[in-house]
Amino acid sequence: MVEPVGNHYVIARPVYSENAFNEEHEKLHRYHKTFWDHLKLYFSCSPQRVKKIALNLFPVISWLPAYRFREWVLSDIVSGINTGLVAVLQGLAFALLVNVPPSYGLYAAFFPVLVYFIFGTSRHISVGPFPVLSLMVGGVVTRLVPDDSIGNGNSTNISAINDERVMVAASVTFLSGIVQLLLGIFRFGFIVIYLSQSLISGFTTAAAIHVLVSQLKFMFQLPVPGFNKPFGIIYTLESIFSQITETNVADLVTSLVVLLIVFVVKEMNDRYKEKLPTPIPIELLVTVLAALVSHFVNFEEKFNVAVVGKLEEGFQTPVAPDVGILQNCIGDGISIAIVGFAVAFSVAKVYSIKHDYPLDGNQELIAFGLGNIVGGSFKGFASSTALSRSGVQESTGGKTQIAGIISSVIVLVVILAIGFLLAPLQKSVLASLALGNLKGMLMQFKEVGILWRKDKYDCVIWVVTFLSAVFLGLDIGLATAVAFQLLTVVIRSQIPSCTVLANVGRSNIYRNRKDYTDIYEPEGVKIFRCSSPIFFANIEFFREKLITAVGFNPLRVLRKRNKALRKIRKMLKKGELRVTPVCLICMANPMYESDEELDNNKIEELDQPTIMTDLPIRINWSTDLPPGITVPQVNIHSIILDFSSVSFLDFSAVTVLRKTLKEFVRLNIDVYIAGAHEGLLDKLERSAFFDEEIKPSMFFLTIHDAVLHILLKNDIASSPKLKLSEEKGRSNDNVIIPRNRQRSSECTV
């Protein structure tokens, strides 16, 4: 019964062990589904299940009929036009990162949007090229079709090399789509949880550095080969600075001017976004202006600048991926699939929380997988979502993926009709536009200081991820970062927080004894808490901390006691000891034995429980023993293990824990476990944890239940009256330890 008294509460209930609680309160039997049950359910077929699968697989069926045409259509059209213009320019710019002709970036900005409209669950992200993924695909392209394969550089050879590179980009994109599709079908959407926010931030920042370095060759117009290997960024910078005197000044000046304008206007968009009805489309304005200036001034002939050139008109014929290429880029395909999904899902999650609608990670994998499969078939490259482009779609009023369809129409118009107008555009302008979109990622450097103050482990993960991705490459760097992140989890769980608890305020609250002054510690009782799962990697640490907390090694004491009993029996047999009602008197000169004899003389027998039934007197280990016999003193009679934070025990931990508890029990120390959840108890039963020494009665609901049980047990042992009353009935617990209590045998219950 619970009675509130002001801001206090008083509880009157029995002291419960797990067994006593289950005896008094009937427990419902719940059937837990097995793996085969889940498998049968997954492959079951019924009209309701078919409908549910159809709605989940095609989310457009759910939201399109409920579309508020009059309220939303105008906002979606305006948003779609703005997003489409940005998508065109980013598609052209990010194609340079992939090392393929710019027109293929338009395919990557078109097909995935159509697929995502049908299969995607986010209403606000803009699907298409993303600089990090583009750079990862470009790394594969450079590795399989290196720059030195161009040879003499004639137009025929360059065209053949470009075709080969397009095929590599399309094949690795197709492979990443297959990986994402399979992950979605087999419900592996949770895989994104292994990429923490710190890891993603450090990785995308490193990718921004790679993007910056990769675009320098277009800004300086230098023939820099690709170095897709560890420390490739160092080799790239070395190649650039070794040719710095050959820089095309016109391209460099154009790049710097465009970059300055883009940064200034984007800063204005951010600062005055509340006042502006729509962000200033600076990329579009700069592109149109640069194309016009380049056309009328004829930069290509006068200053020998590199231009986009004639764009492919219409669509390419769908192609099957090259099997040979697929075999050489399996690891890259997996990395691209995971990174693309992680970035897109994290952005989509932000908008789903902001606008309050559900997001399905598994369906997102299927949507992006199909998008990359279709895009790769039409010679596009890997897609995800660009942060800036999604921001434009959402900030300009986009309500649904209708805005995405409108943006794809804009891209379609450029592909079919007006792409030729971009032919005189300098590649250095596209490079500057690509760099202009990196501001958000480069500003993530500020997170290092914040993370150091909040969580040093996350800060170290950020720094290690950044450095490994910058110097080892994005693929190896990502694998290194994930491995390091999992290592930090192992380290943190391998060295868990273990504390000795005490009662605070004479109530039912137990906290670290070092943190409070008003504490009460029952005499002879140690309360030990482990705030972590216990498994093979930290069970020895747990045991060492427990031994430190109690102040002695139970196995050592047990062996000392058995050794002492063996010696006492030998001395009694020889008549060297005389038994008195009070103690044993030595009748001969004592003989001391070394620790080496203790540890090596039938050591298996020394680990067994102490047996005194054959002795004429019961040995009291706390009193003086015969000369020559020394046994460490044990000043506790009970240990309480708080397992409320222990979520699981593996078999290795169960084995060591059972052995450790047996050692304490054989020293006549009562061991209790409090707060263990039911799954843990079931696991212990299945693991044959219990026997004659380790019994289920040692488990209690709470620490306070165990403490009061110990105090009551000691009071009964020392008072015949209490012992008689205990036999008549069961007492209640008022959860308050009286302040006037002097000894542990004077508890009020």
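In case you wondered, yes, glycine gets a Cβ from its N, Cα and C as well.
In TrEMBL this protein carries:
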- 515-710: domain 'STAS' (DOMAIN)
- 77-98: transmembrane segment (TRANSMEM)
- 104-120: transmembrane segment (TRANSMEM)
- 127-146: transmembrane segment (TRANSMEM)
- 166-186: transmembrane segment (TRANSMEM)
- 198-220: transmembrane segment (TRANSMEM)
- 240-264: transmembrane segment (TRANSMEM)
- 276-297: transmembrane segment (TRANSMEM)
- 334-353: transmembrane segment (TRANSMEM)
- 365-382: transmembrane segment (TRANSMEM)
- 402-423: transmembrane segment (TRANSMEM)
- 460-487: transmembrane segment (TRANSMEM)
* Sequence gap of 6 or more, Cβ distance under 8 Å, 3 or more pairs: do the transmembrane segment (198-220) and the transmembrane segment (166-186) meet that? -> no
* Structure fact -> Stretch winning on C-beta pairs under 8 A with the transmembrane segment (276-297) (pool: 77-98, 166-186, 460-487) is 77-98
* Residue numbers, six or more beyond the limits of the transmembrane segment (365-382), whose CB comes under 8 Å of its CB atoms -> 57, 95, 98, 100, 104-105, 107-108, 110-116, 118-121, 127, 129-130, 133-134, 136-137, 166-167, 169-185, 188-189, 315-316, 318-321, 336-337, 340-341, 344
* Rank 104-120, 334-353, 402-423 by Cβ pairs under 8 Å to the transmembrane segment (77-98) and hand me the top one. => 402-423
* To do: Residue list, the transmembrane segment (104-120) vs rest of chain: Cβ under 8 Å, 6 or more residues beyond ends.
  => 57-60, 87-88, 90-95, 98, 126-129, 166, 169, 311-312, 315-316, 363-364, 366-368, 370-372, 374-375, 378-383, 401, 404-405, 407-408, 411-412, 414-415, 419
* Under an 8 Å Cβ to Cβ limit, what residues of the same chain, 6 or more beyond the ends of the transmembrane segment (460-487), are close to it? -> 132, 135-136, 139, 194-196, 198-199, 201-203, 205-207, 209-210, 228-234, 331-332, 335, 338-339, 447-448, 451
